[in-house]
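Comments concern the structure below.
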Amino acid sequence: MTEALQWARYHWRRLIRGATRDDDSGPYNYSSLLACGRKSSQTPKLSGRHRIVVPHIQPFKDEYEKFSGAYVNNRIRTTKYTLLNFVPRNLFEQFHRAANLYFLFLVVLNWVPLVEAFQKEITMLPLVVVLTIIAIKDGLEDYRKYKIDKQINNLITKVYSRKEKKYIDRCWKDVTVGDFIRLSCNEVIPADMVLLFSTDPDGICHIETSGLDGESNLKQRQVVRGYAEQDSEVDPEKFSSRIECESPNNDLSRFRGFLEHSNKERVGLSKENLLLRGCTIRNTEAVVGIVVYAGHETKAMLNNSGPRYKRSKLERRANTDVLWCVMLLVIMCLTGAVGHGIWLSRYEKMHFFNVPEPDGHIISPLLAGFYMFWTMIILLQVLIPISLYVSIEIVKLGQIYFIQSDVDFYNEKMDSIVQCRALNIAEDLGQIQYLFSDKTGTLTENKMVFRRCSVAGFDYCHEENARRLESYQEAVSEDEDFIDTVSGSLSNMAKPRAPSCRTVHNGPLGNKPSNHLAGSSFTLGSGEGASEVPHSRQAAFSSPIETDVVPDTRLLDKFSQITPRLFMPLDETIQNPPMETLYIIDFFIALAICNTVVVSAPNQPRQKIRHPSLGGLPIKSLEEIKSLFQRWSVRRSSSPSLNSGKEPSSGVPNAFVSRLPLFSRMKPASPVEEEVSQVCESPQCSSSSACCTETEKQHGDAGLLNGKAESLPGQPLACNLCYEAESPDEAALVYAARAYQCTLRSRTPEQVMVDFAALGPLTFQLLHILPFDSVRKRMSVVVRHPLSNQVVVYTKGADSVIMELLSVASPDGASLEKQQMIVREKTQKHLDDYAKQGLRTLCIAKKVMSDTEYAEWLRNHFLAETSIDNREELLLESAMRLENKLTLLGATGIEDRLQEGVPESIEALHKAGIKIWMLTGDKQETAVNIAYACKLLEPDDKLFILNTQSKDACGMLMSTILKELQKKTQALPEQVSLSEDLLQPPVPRDSGLRAGLIITGKTLEFALQESLQKQFLELTSWCQAVVCCRATPLQKSEVVKLVRSHLQVMTLAIGDGANDVSMIQVADIGIGVSGQEGMQAVMASDFAVSQFKHLSKLLLVHGHWCYTRLSNMILYFFYKNVAYVNLLFWYQFFCGFSGTSMTDYWVLIFFNLLFTSAPPVIYGVLEKDVSAETLMQLPELYRSGQKSEAYLPHTFWITLLDAFYQSLVCFFVPYFTYQGSDTDIFAFGNPLNTAALFIVLLHLVIESKSLTWIHLLVIIGSILSYFLFAIVFGAMCVTCNPPSNPYWIMQEHMLDPVFYLVCILTTSIALLPRFVYRVLQGSLFPSPILRAKHFDRLTPEERTKALKKWRGAGKMNQVTSKYANQSAGKSGRRPMPGPSAVFAMKSASSCAIEQGNLSLCETALDQGYSETKAFEMAGPSKGKES
């Protein structure tokens, strides 16, 4: 009873809190917060509800009871039922379904004597059976949950007891908010708790979150600032602080609050300090934390909402037709009621036909008709298929089973199959019309290879590295005898290169099987326990093709000039080193430290490498270098005090600096490089780790300096280090820096150590890590430089963002400003070249801050960090105040190769009639190049580019493009405008006109505005493919939502990262790709695959099968019920519409419930109208599902008409056969039931395209079960069901030849029209499905010839249509050559304007010129004929 009260109290509080949780009392007063100061006792105004956590110890006993005593304990209960409430609650839930309520109404109605049609108990049978089956299923499910809950609640953990003053064993269910918990390695965390102590020297705790979000890579959590420096374990009795944090919520990536000490000093808390329930402690000996959320208020439980429920398009169509069946039922019942009233009115005075009531009262015909209406409702209730929905669920489970059992979906490398997370929308896979795809990790492998870089305005091609990649690829191809016909490399798809670089690619970097990308195995542990295991997904970034980087010879020469002498005093004068040298040093330092890479030992990948501090190292000549770095920084800084050449006095006390706040120090979100191709929202990304390989050891000895690079005493060499990165981009940059002996040696929460060639080990004090977010699109690290002792900000991000944050340089300014402007212009040119080669680009920049500037920023940043409400906004504002007036150092180009089979899959999906949109965070040139490489765009496509700076210009440019497209197809009668029909594309599929649209993120923002949405959708409907570049996660979801809601089409979104989650959830079907980017996309998806190529078979084969199977099965159910119910309806015309049945009630009930239920289920699971091989070879067949050809509205009515015809035959053939005989009512009904059974079963045989022995076995079993039941029932039931008496009827009929003749004749006549129609359809006017079905019966040679003929006819139709389209044009323009895959952007056109004048046209539109004037300014190209 206590548990029930607590459960009710919990839900009541949740209900009350839900109404007030989001109520804000007003905007956050940031200026008042600034005035509070660091140790001010003034509490900022907090909006909404917050939680105060007081430690569960003796000194806080009264306060604990006041605050924490009201919170729920850690007991969980996921069950819905108890022994007392199971029956009423389960029935209550089941009667939420309209169908169950309908049949319950019929049961109640049958208990009314005036309208009773059946024996009362019989009417209840179907409903009772359905309710019982579902109740048993729910009960078993709930009992399983109960056992799991009991097991979890009784787990043991160490909890501090305030009475015994020590840690004691307690069950999880007894843990409360405020308890101190001590956990050891490999223990599961029992509740959400703030980390106060870790045995790790750096205050780090490693956790595995696979039980929470599916990710198996380890994550790091940080001890609360101020407790990490303690040498001993935290003593709960000495803990005198309290915690104030936000109310419980389900956001795994957010935790806001602060810890307030007894002296009112506050320390900000973030998700980096929170250990979540369900995670496991790894590689940490022991941790101590205080519980802040327990039980059902933990984030894990709040996220445990189960799979999302989606209703498929086919199910919505079936629900509509059920309503039509209800209308048909009402019409039939009204007919029976009117007929009964008319019949009684004719015999009103003849008591033989109109039997009076027991009191002698005669019921009027009108009232009798009213009663008969309800009697007919009961009699004809089978018209509404109660078993339809149960059968649909069974069929869907069978379909899902076969999808997951398909061996073609198995990924040997990842040991994964396709996951079907949504069980009720498999049929929607066969009706997809629009596909929205992410790029990185979805279309590409997300395995990054460092290819090129630009430093200080000089481009370094790394030609030797390119040759190495080629040789590596060729070696793999030779070993595997694998000939790749499609290029997997994006860099070789581009023709233009920098002037100083020569083309080194003689052939494509072909794709290779993914299981050869992992490299060799490595050894975990040592000694006897060591075992050799293959690389898993956590260590995927381990192939030599990814880890090895061959240095560029020109850059290598410049590195060799970097020596300590360059910075040492010479003849009492300081020689300024070349500015390019300083750029190179900072560039590679930024590559090495501007990340969150964790350095590990290869034999123990999870153990970090730590080095002694810089102060204890015998490093020579560094003191002399400091002054020069300071002077260089002075020249570059924009601070007035630094411009004067004076070193500012530190305004930050040592104690203040030592307590630097952690801004997501150890595990920020996926770094900025993710934005380069996709803007990432979530901080959780998959791990990529790798160790040095033999190839790198060979290149590692290349002399960057005149002397040898020495490692620290007792520390491993650079090639013995293992890097664990959150994304492959980070690891690629760190390995690139290591190739130039700028080696990341170690990383702790307080410092980063880099071994920089001749300069020796450099230890940077790590002040802050500002993680990546989708708004800033960059990440930064704030460090104190060991040489200059200045605060330096290193930033990396997308060029579109970094270029806007650079310090403004005037052409008339100082020489340094001019040089920076030149560097910026050259770097931008290099970035464009990289993007045209399909490389992912990043900009690297830095900023030097004075201590005064840093102290001011730090003060404001601390206040933002310790706020609870609006923390994200305040931290964003703080980061943007820091990341400005940057100095550009250079840029990088990283190659991300296409996945195996992507071009073929996209080509097949295009042929299937699916319009594909690529939504990416990449820049325009990169996105277009990759679109050509994966065959999303074809070389002869007409390419239109939307890249404007204003809304008006966007609208005018779209209008111009639409006019150009309309000119091309003005003679085509099939053209349809958007206002007429949004569902059909304006351009016929075989018109020969192929167009592609490229739109940037800024322009997309304009296009998504309500005033331009219709115009934008009309433009995209003309295009076969659309590429949205520089798109944010929010824009991705808005695009999907716009297309889905306005065009009323079936959409599918596929992605692999956290930035794709919103898009995946908005689409009709969301598919997650399990790869390098974690499991967020998979957890949010309806289906999960391991590679994009699996999508083609999932849609073209299984999607087609699921849709056609379920469509035909649903239609068959409607047909079967209408055909059988009409037998009862026709009989009413011969019994005075009295509501009498000519068959026994038991047979009537079991006809649908037992005799004819199994065959359609087997049909729905096993039917194959076309083989998988043919469906893959002929993707065009998929269009039948897009058009819903298997289940159209007229198909439903034709099916019902056929059912009416068959019921007429089934009734009147036996009627005329036995007319004039002395056959009684039940003897007449027996041949009707038997013939009806044969008709409905053989009807299914006619409709089946692939009969197997299972089909035949089930059909024969259904027939035998009917005869067996009829014989046994007729022999045993004499008067068990009055007034019917089926005694010995079947036995008599089975001895009568007329019975067999009637059954055969009735079945033949009833099925003859459908059989003749199917025969004529297959021979005279076969559909594409039937023509393709013929291929399955051909020999391999005949099949090959037939496929060539099919494809040849299709190409001939396209060519004919294309030439007709060209001849129909009035402009007579000469066709422009389509952009090639070699140089995608060269001949891309917009509004038929040459690429060279495109930007001028857009600029004119942006400046407000009219459309005509803009194109006049664009040059003479407007008049060219294309």
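Positions of Cβ are set from backbone N, Cα and C atoms, glycine also.
Remember, predicted model here, so these are calculated numbers, not experimental data.
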Does the record from Swiss-Prot show Tyr71 and Leu344 on the same side of the membrane?
no
So which range, 579-599, 1146-1166, gets flagged transmembrane segment in Swiss-Prot?
1146-1166
Please identify, among the binding-site residues Thr440, Asp1056, Asp1060, the one with the smallest Cα-Cα distance to Ile998 (ATP binding site).
Thr440
Please work out which recorded stretch in 322-342, 1146-1166, 1253-1273, 1293-1313 has the most C-beta pairs separated by under 8 angstroms from the transmembrane segment (122-142)?
1146-1166
Do any of Phe772, Gly921, Lys1002, Asn1059 (binding-site residues) have a CA within 10 A of Thr440 (Mg(2+) binding site), and if so which?
Gly921
Secondary structure of Ile998 (ATP binding site) (DSSP, helix/strand/coil):
strand
Check the DSSP secondary structure of Asp1060 (Mg(2+) binding site), expressed as helix, strand or coil.
helix
Quick tally over 98-118, 322-342, 1225-1245, 1253-1273 of CB pairs under 8 Å to the transmembrane segment (1146-1166) gives the top stretch as 1253-1273
Could you tell me whether the transmembrane segment (1225-1245) and the transmembrane segment (1114-1134) are in contact, taking contact to mean 3+ Cβ pairs under 8 Å with a sequence separation of 6 or more?
yes
Quick one: pull the CA-CA distance for Asp438 (ATP binding site) versus Asp1060 (Mg(2+) binding site), whole Å only.
7
Using all protein chains in view, find how many other C-beta atoms are within 10 Å of the C-beta of Gly921 (ATP binding site).
32
Where among 322-342, 1225-1245, 1293-1313 do we find the most Cβ pairs under 8 Å to the transmembrane segment (1196-1216)?
1293-1313
Which residue counts does DSSP give the topological domain 'Cytoplasmic' (1167-1195) for helix, strand and coil?
17 helix, 0 strand, 12 coil
Among 322-342, 1225-1245, 1253-1273, the stretch with the most Cβ pairs under 8 Å to the transmembrane segment (1293-1313) is 1225-1245
Per DSSP, how many helix, strand and coil residues does the topological domain 'Cytoplasmic' (1246-1252) have?
2 helix, 0 strand, 5 coil
Pick the one among the binding-site residues Asp438, Asp1056, Asp1060 whose Cβ has the fewest other Cβ atoms within 10 Å in this structure.
Asp438
